[in-house]
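Taken from TrEMBL, the feature transmembrane segment covers 6-27, 48-69, 81-102, 123-145, 157-175, 187-208, 228-249, 270-292, 317-345, 365-384, 390-410, 446-464 (among others).
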Amino acid sequence: MNQSMAVLLATTLILVATFFATSFINNRQKKKVVGNASEDWDVGGRSLPLYVVIGTQFATAMGGGILVGQVGNGYQNGYSVFLYGILCQLAFIILMFIADWLRDNNFATIPEILQHFSGPNKTVKILAGILTIIVPFGWICGQLSAFGKLYSTLTGFSPTILTITLAVASLFFVMPSGLKTVAWTDFIFGILMVIFASAVCFHTLSLAGGMENVLANVPPEIVQFPSSIFSVGLYTSVLWVFSLVPGGLTNQMYYQRIFACKELKEVKKSLWITALVCIIAYFWAVTVGLSVRSINPGLGADREMATGWLLTQLPTWLVAIFSGLIIAAILSTVSSGVQSIVVNLNRDIYRTLHPDCDSSKVLKISKFLSVIVIATAVVLSLAFPSVIKMIVTSYSFSAAGLLCPIFVSYAFRNKNFITKNAILAGMIVGIIACMVSMLFNTSIPYVIWGIIPSGISMVVVSKIEQKEDEINRIAK
């Protein structure tokens, strides 16, 4: 059996087996519990057990960024992968401090959190919905791009055809019940990722002659601790700090898993366990990346093809296993991203404008929107194939527009200080400032220019409105 046939067979078996396993689990659950179809789609019926929440958080957070971007980062910059990974996982740790409050209020989306502070307001909810879409959409485009690159190397097929194929496949895991099917699919994919990644890592280390030999054959400046943590340079390190952490804190896919957890007491546990498991995945990325550099130091600027080159060195049976890792990692993130975006489009935008829409129509609209979202993502991923840049950019815009409105409002939640117009100002000023700084190509990371004015504008507008209220009271 040649490599292409082995890859296609392994991929088909994984997809079919996962689809039927997920369908079987969901059908059994439907017999036990009669739930609301809309709640199942949006927040998994708020009934997901701890192990599924951890599995879906892990599988969603990992993906093409790990397989392509971070292996390439490990190849070029060594231990700086750990900086990227730690910053990404800080979001889970910070969310632990507000997790109980989030779950107590039965939110389903980030716009609902902001509306909790602003009161019923269509403008706040719709604008927040648009901004919330940015991160998952960036993720989807990045994952589709990564899949096209990797599977093109494996099969010889056109990246365009492969990208479209994955997009269609992802719909099979979103359409049945939204987050409920996506979460269980992610859990299964998460298990497969751990198994397949371990096999690939051990074999790659063996090819490189073991870790001791790897460290001896790569530039010492990228593996010296702790200086190598910042080997990507000061500017990129600062950009990561101010985009990855705030971006994670405005990533609705993480919030949805908090909302979906069955037991309130297990929400915090799910977050710190997920962070720990994800850090281990970054150890995998740096180990594989450095091993490839030890074997072939000549890739140069084409570092994102480190994974692709590795695939040409593996035996057919292991390439088939690696193909399983790719499909599990990438498809889980794509399906999660599509589901998250559709919830915003439907729940926060369409249903805000059409509040009398019945549940059966809501479900049909969700499925229709899923097709539109994935089709748009395919077009953009083919036009902008750089994986890490796409994800970091999407994080930056989301952080600029949403971080302060969420967390400044939360900080003053008991003070009756932040107003509806302050929340609107924070979103609008943050995103405009971020865009302007990008156009001027400033030396200071553009996300900082977005976050700082966003927070300042919220405080200023709130103060002004407080003064106006005070003047009006005196006048009366």
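Glycine is no exception: its Cβ is also placed from the backbone N, Cα and C atoms.
Scored on C-beta pairs under 8 angstroms, the neighbour of the transmembrane segment (187-208) with the top count among 6-27, 48-69, 123-145, 157-175 is 48-69. Against the transmembrane segment (123-145), stretch 317-345 has more CB pairs under 8 A than any other of 6-27, 81-102, 228-249, 317-345.
Note: the stretches the transmembrane segment (48-69) and the transmembrane segment (317-345) are in contact (3+ CB pairs below 8 A, sequence gap of 6 or more). Counting Cβ pairs closer than 8 Å and at least 6 residues apart in sequence, the transmembrane segment (317-345) and the transmembrane segment (81-102) reach fewer than three and form no contact.
Counting C-beta pairs under 8 angstroms (sequence separation of 6 or more), the transmembrane segment (6-27) fails to reach the transmembrane segment (228-249), with fewer than 3 such pairs. Counting only same-chain residues 6+ beyond the ends of the transmembrane segment (81-102), those with a CB under 8 A from a CB of the stretch are 57, 61, 70, 73-74, 113, 229-230, 232, 237, 240-241, 244-245, 247-249, 251, 254-255, 258-259, 264, 267-268, 271-272, 274-275, 278-279, 281-283, 285-286, 289, 410.
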